[in-house]
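First the structure, in the form of structure tokens, and then the observations on it.
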Amino acid sequence: MHRSLSLRAVVCLSTLLPASLLYAAPDVDIETLKQELLELKQRYEAQQKALAVLEQRVRQVEDQPATPAPKRLAKSPADFKQSGSTVAASSGTGGATGGSSYGQSLKDDSEPAQSVSNLYNEASGFFGNGKFSFETGITYARYDARQLTLNGFLALDSIFLGNINLDRIKADNWTLDLTGRYNLDNRWQFDVNVPVVYRESTYQSGGASGGDPQATSEESVSRDPTIGDVNFGIAYKFLDESATMPDAVVSVRVKAPTGKEPFGIKLVRSTANDNLYVPESLPTGNGVWSITPGLSLVKTFDPAVLFGSVSYTHNLEDSFDDISSDVNQKVGGKVRLGDSFQFGVGVAFALNERMSMSFSVSDLIQRKSKLKPDGGGWQSIVSSDANAGYFNVGMTIAASENLTIVPNLAIGMTDDAPDFTFSLKFPYYF
């Protein structure tokens with residue numbers, strides 16, 4: 001009896017246990033799902049906060065004005081025109097917001113850097129930055145020449161018998177240039193230039209101390225600051241640069257003989273050396289009227305700017321009361337200075353928005369001058385022809401929107417050219 005009851009109890013318990021387990025399992029799964037759902041909600045809230053922060057940053061960026069693209073430094077006028085047409089097309093076809101900001105960016109980019117404008121001014125000689133401009137410039141030129149004089153003959157084609165004399169001339173020239181310019185409609189330019197010249201020359205020669213070839217003597221002559229030859233010019237810009245054509249300017253310059261002419265200046269013999277003759281004064285001008293037509297071209301090949309110029313100077317014939325250099329002698333006559341031809345080519349680069357640098361070579365070729373004493377015929381002046389070649393290194397520095405600093409170094413490459421010439425100009429635009 002007891003065994004049957006125990007068996008029945010075991011059977012009942014075995015049937016009830018799986019049912020209790022089945023009811024307990026869903027409770028555990030629900031708790032797990034609730035925990036996972038809570039974690040997902042927390043992640044969602046964190047993501048929502050992150051999205052809100054990102055959205056706020058995007059709005060701040062959109063509210064800021066668009067930053068224009070960097071300016072091209074060596075941009076030609078042809079590019080300016082193309083940029084202008086692109087701006088018009090963008091504003092006409094673009095959207096209300098994106099099109100206007102993009103067009104404004106192109107408009108800002110179409111404006112040339114100030115260094116490029118200064119570069120064009122110096123290369124073409126046409127200053128179009130303002131209606132009026134005034135330029136102050138200082139120029140220093142150094143000239144040092146030696147001449148070997150042989151008085152004797154060669155023996156056995158290799159031995160020189162006689163006297164050897166070495167002559168030397170050292171000259172320092174300072175010029176203060178005052179130039180005023182007027183620009184009319186960025187097409188015509190009128191200018192006048194007034195130079196103030198200071199000169200000092202030192203002459204050396206052997207044969208001092210009674211003709212001793214080993215002894216040398218020297219004499220110095222100076223000229224106080226004096227106005228030189230005033231000149232004025234007219235320039236016309238007849239061609240604007242395009243994709244295929246350069247910027248072209250034609251000019252005419254007239255020089256008046258307002259300085260001290262070199263004719264009639266007497267050569268005085270040195271008291272210490274019979275071989276040395278020095279002028280009693282120094283000239284500050286040519287003494288004759290001259291006219292110089294010229295042409296200058298400028299073309300952009302980004303990032304470089306190529307430029308070139310050519311000019312021809314014709315000196316007018318004139319008469320003087322005295323053309324002799326002998327002391328106590330006065331001879332009137334006519335003077336015909338030799339005409340000159342000058343050309344130059346170079347390349348320039350814009351270093352940044354305020355500075356540019358240029359390199360160029362130039363050459364001046366002058367014909368011989370002639371004199372005609374009263375009652376005589378025309379006579380050519382010995383060694384009056386010249387060939388002066390230069391290598392030029394220049395810069396433009398935009399000190400402000402109105403003031404530019406232009407240093408330039410010219411190195412003489414031929415015997416007729418000064419050893420070097422350094423100039424510093426300060427054009428100011430009103």
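Just so it is clear, glycine is given a Cβ too, placed from its N, Cα and C backbone atoms.
What Swiss-Prot lists as coiled coil is 29-64.
Residues or ranges marked as compositional bias 'Gly residues' in Swiss-Prot: 92-101.
According to Swiss-Prot, the feature region 'Disordered' maps to 62-114 (among others).
As annotated by Swiss-Prot, region 'Alpha helical plug' applies to 113-125.
Per Swiss-Prot, the feature region 'Disordered' maps to 203-223 (among others).
For 1-24, the entry in Swiss-Prot reads signal peptide.
Per Swiss-Prot, site 'Forms salt bridge with Lys-425' is recorded for Glu122.
Here Swiss-Prot flags Lys425 as site 'Forms salt bridge with Glu-122'. Under the three-state DSSP scheme, Lys425 (site 'Forms salt bridge with Glu-122') falls in the strand class.
Taken from Swiss-Prot, the feature topological domain 'Periplasmic' applies to 25-131 (among others), supported by experimental evidence.
The feature topological domain 'Extracellular' is assigned by Swiss-Prot to 143-172 (among others).
The topological domain 'Periplasmic' feature in Swiss-Prot is assigned to 184-189 (among others).
Marked as topological domain 'Extracellular' by Swiss-Prot: 199-224 (among others).
Positions annotated as topological domain 'Periplasmic' by Swiss-Prot: 239-246 (among others).
Tertiary neighbourhood of the topological domain 'Extracellular' (257-288): same-chain residues 165, 195, 197, 199, 201, 203-209, 211, 216-219, 221-223, 226-230, 315-318, 320-327, 330, 335, 337, selected by CB-CB distance under 8 Å and a gap of 6+ residues from either end. Residues or ranges marked as topological domain 'Extracellular' in Swiss-Prot: 257-288 (among others).
Marked as topological domain 'Periplasmic' by Swiss-Prot on the basis of a curator's inference: 299-304 (among others). Here the topological domain 'Periplasmic' (299-304) returns a mean pLDDT of 87 for the predicted model.
Proximity of distant same-chain residues to the topological domain 'Extracellular' (315-339), defined by a Cβ-Cβ separation under 8 Å and at least 6 residues beyond the stretch ends, is recorded for 257, 261, 263-268, 279, 286-291, 366-374, 376, 378, 384-385. If you look up Swiss-Prot, you'll see 315-339 (among others) marked as topological domain 'Extracellular'.
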Listed stretch, out of 173-183, 190-198, 289-298, 357-365, 387-397, that has the most CB pairs under 8 angstroms to the transmembrane segment (247-256): 289-298
Looking at the stretches 132-142, 190-198, 289-298, which one shares the most CB pairs under 8 Å with the transmembrane segment (173-183)? 132-142
Can at least 3 Cβ pairs under 8 A be found between the transmembrane segment (420-428) and the transmembrane segment (132-142), with each pair 6 or more apart in sequence? yes
